[in-house]
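What follows is a short report on a single structure.
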Amino acid sequence: MMITLRKLPLAVAVAAGVMSAQAMAVDFHGYARSGIGWTGSGGEQQCFQTTGAQSKYRLGNECETYAELKLGQEVWKEGDKSFYFDTNVAYSVAQQNDWEATDPAFREANVQGKNLIEWLPGSTIWAGKRFYQRHDVHMIDFYYWDISGPGAGLENIDVGFGKLSLAATRSSEAGGSSSFASNNIYDYTNETANDVFDVRLAQMEINPGGTLELGVDYGRANLRDNYRLVDGASKDGWLFTAEHTQSVLKGFNKFVVQYATDSMTSQGKGLSQGSGVAFDNEKFAYNINNNGHMLRILDHGAISMGDNWDMMYVGMYQDINWDNDNGTKWWTVGIRPMYKWTPIMSTVMEIGYDNVESQRTGDKNNQYKITLAQQWQAGDSIWSRPAIRVFATYAKWDEKWGYDYTGSSSTNPYYGKAVSADFNGGSFGRGDSDEWTFGAQMEIWW
């Protein structure tokens with residue numbers, strides 16, 4: 001069809017608008033999960049996690065609606081040089097009602113500049129809040145190396161035999177105290193900045209299909225002028241990480257060894273807590289501290305076993321040994337096999353076991369959890385999402401110890417400490433029981 005002169009300006013404007021929209025297209029990524037569930041003994045879905053464990057087996061065992069919404073855009077590009085702006089807002093509600101208001105968490109807001117340094121081709125300069133090179137076990141939602149937060153860095157520097165990355169990030173915690181000479185008042189609820197300095201050397205090919213990553217993190221409490229720390233605060237600490245990744249059976253296996261000291265032992269993933277530990281809304285911190293060390297040995301992966309079977313797996317031993325005897329020994333093992341009936345329908349089972357020993361009491365808490373789910377997903381991989389699943393979960397536990405949060409830290413000398421289940425005639429931990437739940441859930445990442 002011939003375009004008249006009158007219509008030509010409109011056609012040009014529309015075409016220009018389309019090209020402009022494509023050039024300025026915004027990247028939309030994210031993650032979300034939500035569903036509905038019931039408990040066999042009555043009421044809404046309960047979720048099961050062993051006291052003292054830092055995570056739980058998640059299939060058929062998530063009781064909240066959670067979402068991360070990421071918007072990003074390459075805002076400038078010239079040759080191989082570019083600037084990218086990235087954001088991430090997260091939400092979490094209890095999925096109990098239609099209208100559930102919550103304050104969003106601003107997780108990411110950063111700019112990444114690629115190839116800006118002529119003599120470091122392939123490297124990236126970045127600054128802002130960021131999820132920084134996180135390492136996790138998906139099936140237990142456990143992040144074992146994660147220094148995310150506000151920060152800055154230079155990453156992916158090619159050193160010939162690997163990629164070097166340097167970063168500094170920050171997290172804050174209650175525990176720092178402001179002192180006033182006139183009345184000697186201490187307010188332990190003030191936040192104290194903790195800085196983490198991270199060095200990583202990754203992508204070192206050491207065997208066919210295998211790579212090695214090494215990392216060192218140093219964390220320290222960074223006090224303002226006229227501030228002091230609670231007595232016995234650890235102040236600083238180190239985390240050393242070695243991770244070997246092997247390509248195997250159309251998937252991967254990761255073997256990880258980590259060792260941490262003092263302020264880096266509480267979370268054990270690279271974030272520092274060096275100012276002491278405050279509980280809830282206490283007016284001053286309980287003088288517990290995290291001086292000591294942590295050892296973690298972890299193996300996890302995901303593999304394909306023929307055309308119809310995929311499987312995730314994890315095995316981990318973690319020993320947090322604190323000078324105050326409030327540490328734990330935690331070991332966990334689990335598998336998640338998946339049988340694919342069609343390219344979009346599968347049956348998934350998850351079996352997981354946790355055992356946590358209290359350093360103080362010597363008692364042990366244990367739990368095993370089994371989930372069977374029928375699932376429809378967008379593809380034939382165990383990683384394919386979105387997925388809609390119906391599930392049934394059975395959990396049985398036997399807990400011999402718990403943490404004493406009776407009263408307050410000012411009145412209870414055992415506040416925050418591990419105690420036996422029947423300590424002082426009380427009831428700590430979850431006892432010896434079992435339960436089953438059932439429901440439906442969607443999960444998506446894009």
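Heads up, the Cβ atoms here are built off N, Cα and C, so glycines get one too.
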Hey, in Swiss-Prot are GLU191 and SER420 both on the same membrane side?
-> yes
Per Swiss-Prot, the range holding transmembrane segment, considering 65-78, 135-148, 275-288 | 65-78
Taking 27-35, 45-53, 225-233 as the choices, which stretch does Swiss-Prot tie to transmembrane segment?
-> 27-35
Is it the case that the transmembrane segment (65-78) and the transmembrane segment (27-35) have 3 or more CB pairs under 8 Å, with pairs at least 6 apart in sequence?
-> yes
Distant-in-sequence neighbours of the transmembrane segment (123-130), which means Cβ under 8 A and at least six residues beyond its ends = 86, 106-117, 148-158, 169
For the transmembrane segment (251-263), find every same-chain residue at least 6 residues outside the stretch whose CB is under 8 Å from a CB in it, and list them.
-> 135, 144-145, 194, 219-221, 234-245, 272-274, 290-304, 310
10 Å Cα neighbourhood of TYR66 (site 'Greasy slide, important in sugar transport'): matching recorded positions from TYR31, CYS47, TRP99, TYR143, PHE252, TRP383 = TYR31
Name the one residue among TYR31, TYR143, TRP445 whose Cα is closest in three-dimensional space to that of CYS63 (disulfide bond); these are the recorded sites.
-> TYR31
